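Among the features that Swiss-Prot reports, domain 'HTH araC/xylS-type' is placed at 179-277. Taken from Swiss-Prot, the feature DNA-binding region applies to 196-217, 244-267, supported by sequence analysis. Annotation comment: Swiss-Prot describes 246 as site 'Interaction with sigma-70'.
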C-alpha cells in the first residue's frame, strides 16, 4: 500500500521560528489521505463532508472540532460547501510556560479523543482569535512570533472551555438549539428519532429548528442522521464481525435490504464488498527450498 502524502512544515510556516499558521479552507475541497510534520486543530464552520481520520469515518459539519497529531493520517471526501479552518502548530516551537498537555488533546488512548463538538458560543469566541492569528502568522518579526503563541494559547483555552462530547450536550448550561439537536442525533444511531417529541421536550419550534439546521450544515436533519448512521456502519463493518443484518439494526435500519441499498448508493459498493477491503489475507509460510 502506498504511503500517505506527507505535508511539510516549511510549506505552511513562514520561518523555522514561527510556531503557528492558519490555512483557510473556504471551501475545503476533496483532499487525499495525508500525514504531517506538524499538528492541527480543525474547526468546521459550515457545510458538510466525510472526514476519515486514522481509518475512522466522521460525517462532519458546523461545530465539529478535531485535534490532529502529526502522525495521524486523514482525508476529506464527499464535501458539500465545507468551510473550515486549519490551525497548524509545531509543539516543539512552543515556549510559553503553559499546560499545553491539558489544553491540546489527545489526553488518553481513546479512539475518539481528538474529536469534539464546539458550542455556538465557543464558535463565536474562537473566530476573531483565529482571524487575528492568521494575520500575525503572516509576519516574521519577533513580536509577531511571540504573539502567535499567545493567541494559540488563548484559542486553546476557549476551545477547552466550550468543547464537549456530543453525548454529553445535556450537561451544558443553556444548551443552544444546534448543540441540543446534534447531541440527540448522535444518541439515536440505533433508535428511532422522534423530531416532534424532541422539540416538545426542549420547547423548540420544529420548523425553525429545521431551517436553522439546514442553514448551518447544508443538509436536512434526516439526511444528516442517515449519514452518521452510515459512518457508524462503516466502522462496524471494518472493525467487527457482526453480521450485516445485525449492523443494519445497530445503525437504525430495520430492513437489512434497505440498508444495503442505501449503503451501496452512498459508498459505491455493497456492505460486503466494503468489509472485504479491510480483511487482510493470511500470510502463508514460505515453502522450504528443495
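Yeah, the Cβs are placed from backbone N, Cα and C, and that goes for glycine too.
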Using DSSP, tally how many residues of the DNA-binding region (196-217) sit in helix, strand and coil. 18 helix, 0 strand, 4 coil
Going along the chain, which residues six or more apart from residue 246 (site 'Interaction with sigma-70') have their CB under 8 A from its CB? none
Please work out the helix, strand and coil residue numbers for the DNA-binding region (244-267) from the DSSP assignment. 19 helix, 0 strand, 5 coil
